[in-house]
Each structure stands twice: as structure tokens, then as C-alpha cells.
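As recorded in TrEMBL, the features of this protein are as follows:
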| type | residues | note |
| --- | --- | --- |
| REGION | 50-88 | region 'Disordered' |
| COMPBIAS | 55-70 | compositional bias 'Low complexity' |
| DOMAIN | 187-229 | domain 'B box-type' |
| COILED | 258-285 | coiled coil |
| DOMAIN | 336-393 | domain 'COS' |
| DOMAIN | 399-492 | domain 'Fibronectin type-III' |
| DOMAIN | 477-704 | domain 'B30.2/SPRY' |
Amino acid sequence: KVAIKGIERELICPACKELFTHPLILPCQHNVCHKCVKEILFAFEDSFADGGSESSNQSSPRIRISSSSMDRIDRISRSGRKRNSLTPRSTLFPCPGCQRDIDLGERGINGLFRNFTLETIVERYRQAARAAIAIMCDFCKPPPQESTKSCMDCSASYCNECFKMHHPWGTVKAQHEYVGPTTNFRPKILMCPEHEMERVNMYCEICRRPVCHLCKLGGSHANHRVTTMSTAYKTLKEKLSKDIEYLISKESQVKAHITQLDLLLKETECNSERAKQEASQSFEKLYHVLEEKKSAALRAIETSKNIKLEKLQTQVEEYQGLLENNGLVGYAQEVLKETDPSCFVQTAKQLHVRIQKATESLKSFRPAAETTFEDFVVDIGKQEDILSDLSFHSNGLEIPEINEEQSRMYNKALISWECPGKTDSADIYVLEYHKLNREEESVTWQKTEVCGKSQVVSDLDDDSSYAFRVRGYKGSICSPWSREVILRTPPAPVFSFLFDDKCGYNNEHLQLNPRRTSVESRAGFPLLLGSERLQVGCYTTLDYIIGDTGIAKGKHFWAFHVEAYSYLVKVGVVPSNKIQKLFHNTHDVTSPRYEQDSGHDSGSEDAFFDSSQPCTLVTLGMKKFFIPATPAAPKDPASRILPLPSCLGICLDCDIGRVGFYDAGHMKCLYECEVDCSGIMYPAFALMGGAAVHLEEAVTAKYREYHDDI
């Protein structure tokens with residue numbers, strides 16, 4: 001048994017993040033406390049009244065409405081839902097569990113069921129968590145006594161004395177059902193929230209909720225598929241039990257996954273520390289470069305400053321010498337005191353030159369150095385832009401993305417990928433893949449190294465799904481793994497053939513390419529002449545072509561493309577003993593007798609027409625896939641028309657006599673039927689009007705190069 005304390009995560013309301021209190025089941029199958037639903041709806045209504053969500057953010061301290069929920073409330077409120085409309089108003093509720101807007105219907109919160117099962121489990125959890133806390137009697141005078149039992153009919157707890165007093169012998173209350181002390185009182189019968197006087201006795205398989213017979217007769221579930229409550233109980237309980245048994249049987253696998261996740265947690269911690277260290281080292285390198293540049297710039301500025309200060313200081317000293325009794329002027333004044341002419345002339349000549357220079361500098365004063373440092377302004381505009389774009393790019397490697405349109409599954413798997421930046425930033429790529437198998441406890445990835453951006457993978461099992469992922473390497477550095485892409489292999493080995501240009505081939509209406517892998521039907525002049533000769537009853541015929549190789553036994557698959565402009569194409573298989581009848585079939589025509597809207601489509605005629613067909617074919621055309629009208633097919637013609645897949649496939653199993661028609665792009669079966677495989681079976685195609693069919697080419701190691709050349 002699972003410990004009750006180990007399931008607390010399942011008992012938490014997604015809105016208030018506390019244990020559920022009277023949980024309600026939403027149409028999306030999530031549970032929310034009754035009080036939380038009301039508070040969210042009140043916030044919802046306030047957003048309509050105020051035209052915004054500012055008031056709704058303060059609706060209640062108990063509930064924590066996420067920003068995404070508030071965004072949805074604002075979006076719906078701005079959508080213009082009208083009040084007081086004559087049409088029934090539905091209540092939209094932003095579910096905090098699945099983050100979707102849920103339609104609660106006209107009754108709103110009143111149309112929701114209480115989840116009594118979840119409520120009981122929560123109560124058991126509360127009792128296990130507060131085993132020492134007693135439930136007190138609801139009827140004792142203060143101080144109340146500890147209760148010994150709870151009455152499910154009265155929805156109250158009693159001590160022994162109060163229970164005897166309120167449930168005397170010989171009265172109706174004495175027959176009430178009582179249990180041990182509890183606070184979880186659930187009704188004995190689950191009533192319908194839409195028809196409050198009716199008990200639920202059926203289960204709606206469409207809405208996945210219990211309903212009453214009035215809901216089925218004339219309510220909102222009138223046209224829904226329902227089953228009895230006992231059948232639903234048995235079915236759901238069996239499914240749940242089976243799934244639980246499967247999970248329990250895989251306990252070793254779960255523990256292995258937990259161990260793997262624990263290792264991943266530790267690895268994540270280590271990798272994060274290493275990533276931090278590498279990021280720190282990268283920024284330290286930038287810091288080092290910046291510090292060097294900063295020091296060089298400061299040194300240059302300091303040197304320039306000293307030179308300028310020295311020049312200005314020298315100029316200051318020179319001008320100070322021009323003052324009276326100071327410097328040059330003072331020296332000149334002393335020279336003037338010389339009375340000896342010879343000595344005066346000897347000294348005055350040089351002094352006079354200096355005095356003249358000082359006089360000229362005084363008349364045209366100019367500082368010896370500029371005070372600005374404009375030559376030392378650092379331009380960091382480009383560097384600032386580069387640093388602003390600095391972000392993590394997987395150590396410089398872009399994460400490759402697998403191109404699902406260019407990748408395909410046929411006889412082999414061709415996996416193609418590309419980088420978002422369209423640059424070859426990686427030196428080599430590693431492609432990993434593994435087969436999806438539910439029974440395997442551990443996943444073993446198979447690895448292959450690729451120098452280009454595509455790889456052909458061989459030896460894959462038929463009718464299986466494979467997961468593929470790729471990452472890039474540049475030296476010892478690798479990018480993160482790409483998103484995993486799931487592709488499915490064909491249901492059988494691929495059968496190779498070409499169109500037969502000899503057996504029944506009509507070269508007037510059909511044209512083959514030289515490699516016999518494509519056939520085209522052209523509504524040309526010969527067809528027009530043929531139609532002109534037919535005045536009544538027959539408009540035109542189909543032109544058939546078959547494969548040049550037959551199948552005698554085993555299971556085989558082949559694929560082809562039908563051009564979107566094709567008017568009418570039939571594809572399928574034909575046995576060898578009916579090939580002649582196929583090319584000379586008088587009933588294979590388009591005439592009023594066989595048109596459904598002609599008034600001649602009686603049951604006997606259809607039966608005769610179907611039984612007369614020599615081969616098993618399905619009809620394609622006008623971008624549609626038509627499921628044949630069989631007893632097992634839907635009676636509504638519109639439901640038998642599907643969009644035409646870009647690539648179609650046919651799977652023939654001669655051993656059991658069945659043929660299936662597939663959407664080859666997703667390997668999904670569209671239609672399957674029995675077929676007579678008594679003879680050798682050949683692929684068969686029929687075209688009318690403008691149409692073209694191209695056989696799918698087998699994947700080879702050189703497929704990409706050949707495909708690009710084409």
C-alpha cells in the first residue's frame with residue numbers, strides 16, 4: 001500500500017496551494033477547491049466590471065492567481081462578452097491546473113460535482129498528519145468533550161452523552177448511520193447538479209461525468225453516448241487497476257529512472273558549477289583586456305598631463321620674470337645701473353633681445369599647452385554593442401534542428417538537419433536514435449558520427465517508431481541535443497517496382513518518364529475525339545497501368561505521390577488472373593447508370609457493379625481521399641472523404657489476404673479491406689483526365705546528392 005503521507009502532492013489545490021477543501025471537478029477533469037472557484041469567478045466578474053484586472057489581483061489573500069491566469073482573464077474580458085443577452089450565457093473559468101479557459105455551461109459553478117473520493121482521501125491524510133489532534137463534540141457546552149463518533153445523516157460529531165441525547169432509542173434518528181470521528185461528511189446518494197432531485201445513474205462517455213436520466217432524455221447529454229454507472233464503474237476500475245498494476249510491476253524501472261534522475265541532478269550541479277567557472281573565466285579575460293587598456297589609457301593621460309603642466313609652469317615662470325624687481329625685469333634694472341659703457345654694451349645687447357621677445361609674447365599671449373584631453377576620449381560604441389549582444393550560445397555552437405519535411409522513412413531512414421543561423425559552426429555532428437519500446441526499462445541510444453547535415457540510417461525494424469536527435473561538436477565542445485523527432489517505419493518491407501510499359505499500356509493517353517517511375521494522364525486531343533464518338537451512355541474510360549513486378553507471398557509496402565492537380569486517380573492491387581479483364585472492363589466507365597446522383601443507383605445495381613470489379617482500388621482526386629462505400633464504412637458520404645496526403649502508401653499482406661492504404665508521411669492507415677490473393681498480385685493504377693503519379697524513390701546513401709541534382 002502507498003503511504004498516505006507520500007501522496008501530498010496530489011492533494012494540493014493548484015489555486016491556493018493548500019490541501020483541498022470541498023474540491024469540485026472541472027470539465028477538464030482537474031480539481032479546485034470550492035472556495036477557490038468562487039474567488040476566481042469573483043475576480044473574473046470584477047475584471048468585467050472594472051474593464052481590467054487591477055481589482056481582481058486583490059480579490060483574496062488566500063488564493064494565488066498566477067500572472068498567466070490573470071492574462072487570460074484580461075483577454076476574455078476584452079473579448080466583449082455581452083451581459084443581459086437573450087442567448088444563454090456560458091461561464092468561462094481559467095483553470096489553474098491546465099492553464100486553459102474552461103466553459104462551465106449555463107449553470108456555472110452549480111453544475112459541478114464535488115469530488116467526494118478526493119475529499120475522503122484528504123480527510124484521511126489530515127487525520128494521519130494530526131493523529132494527536134482530537135475532533136471535539138459539536139453539541140457539548142464549553143468546554144467541549146472529545147467526540148467518539150460522527151453521524152453521517154446529521155453531518156455532526158458527538159461525544160457519547162450528546163449522541164444518546166440526540167439519538168434516543170425508538171426514534172428515527174436512532175437508525176442514523178454513524179462512523180468514527182471525522183470532519184468529512186459525504187451524501188449517501190450522489191445527486192445530479194442540474195436536476196437536484198434526481199440521482200445520477202449513468203455515465204456520459206463524451207463528457208466523462210455522471211448524469212441522471214433527465215440529462216439523457218432532454219438535457220445537454222441527449223445525443224451523447226452513455227453507459228450504466230455499474231458498467232462505467234467496472235470498466236474504469238479495471239483500467240485503473242490494470243494501469244496501477246503495470247506501474248507497480250515496473251517499480252524497478254521507476255527506481256532506475258529515479259537513480260538516473262538523481263545522477264542527472266548531481267551532474268547538473270557539477271555542470272552548472274563548471275559553466276559558472278567557464279563563464280567567470282571568459283569574463284575575467286575580458287576584465288583583463290579591459291584592465292590593460294584602462295591602465296594604458298590612464299598612463300597616456302598622465303604623461304600628457306605632466307607634459308602640459310611642465311609647459312604651463314615654464315610659461316608661468318617666464319611671465320613672473322616680467323614683473324618689477326623680479327626675474328628678467330629686475331635683472332635689466334640692475335644692468336641699467338652700469339656706468340661703464342663698454343661693460344654695459346657687452347651685457348645689454350643680449351638682454352635687449354630677451355626683453356624684445358618678452359614684449360612680443362606679452363602682446364600676443366597664448367598658453368603653452370591646451371587644458372583639454374580630447375585626444376584621449378575612448379570610443380566604446382562598437383564594443384558596447386558587441387557586449388550588449390553577449391549571451392550564451394552553447395559555447396559558440398548553434399543547436400541543430402532536425403528538418404521533418406526533408407527527413408523521411410521508407411526502405412531506410414533519411415534524417416536531415418540544419419542550424420538556425422545557416423552556418424557550419426560545428427566540425428562534426430553526432431546523430432543518435434533508438435526504438436520506442438514501452439517494455440524496455442532503459443533506453444539505449446545508437447550513435448553515428450556525420451560530417452554533413454544528413455545521414456541515412458539502415459537496419460530499422462518494420463512497423464516501429466524511432467526517436468532521433470542530433471548535436472554538433474567543435475573540438476571538445478558540443479552543443480545541446482536538438483529536439484527529439486519521432487518517425488515511424490513502414491508496416492512491411494518496401495517493395496520496389498517500375499511502371500510496366502508493355503502490359504496494357506496506352507501510350508496515347510498515358511506518358512511515362514524514361515526511368516518509368518512517373519506516369520501522367522493528359523486530357524488531350526485523342527481523348528476528346530474518343531468522347532465525341534460516344535453520344536449516349538458512356539462518357540470516358542479510365543486508363544490503367546500496373547507494376548512490372550508481382551507479389552506471390554509475404555507482406556510488402558510501397559509508396560507514391562499523387563499530384564495535387566489530379567482529377568481522378570485509382571490505386572490498389574490486381575491479381576494476375578484478372579489483368580486482362582482489367583484492361584477490357586466494360587463496366588469501368590463514368591456513365592449515368594453508375595452515377596449516384598443519376599437516379600439509377602439502386603441497391604442491386606451497386607451490388608452488381610461492386611462484384612464486377614476485377615481489382616481492389618480506392619479513389620483519389622481533387623486533393624481528396626475517398627473511402628469506399630462498404631457496409632462497415634460510415635453512411636454519411638462526407639465522413640468518407642479525407643484530405644489527400646502528400647504521400648500515399650499501400651501495404652499488401654498476401655498471407656492473410658488484406659490490403660491497407662496509408663498516409664505514408666505519418667504511416668497511418670486510412671482504409672483496410674480484404675483482398676483475394678489467389679494469384680500473383682500486381683500494383684495497379686488508373687488515371688483519367690489531367691493526373692500524375694510518381695513512385696517513391698528508395699533511400700540510398702547517395703539519395704541527397706541525387707535529389708539535389710534533380
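We number each residue from 1, going along the chain as drawn.
Including glycine, each Cβ sits where the backbone N, Cα and C put it.
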Per the Cβ filter (under 8 Å) with a sequence gap of at least 6 from its ends, the domain 'B box-type' (187-229) is approached by 25, 27, 29, 105, 107, 110-113, 116, 152, 177, 235
DSSP says what for the domain 'B box-type' (187-229): how many helix, strand, coil residues?
-> 7 helix, 11 strand, 25 coil
Please spell out the DSSP helix, strand and coil residue counts for the domain 'COS' (336-393).
-> 35 helix, 0 strand, 23 coil
The domain 'Fibronectin type-III' (399-492): DSSP-derived helix, strand, coil residue counts | 0 helix, 43 strand, 51 coil
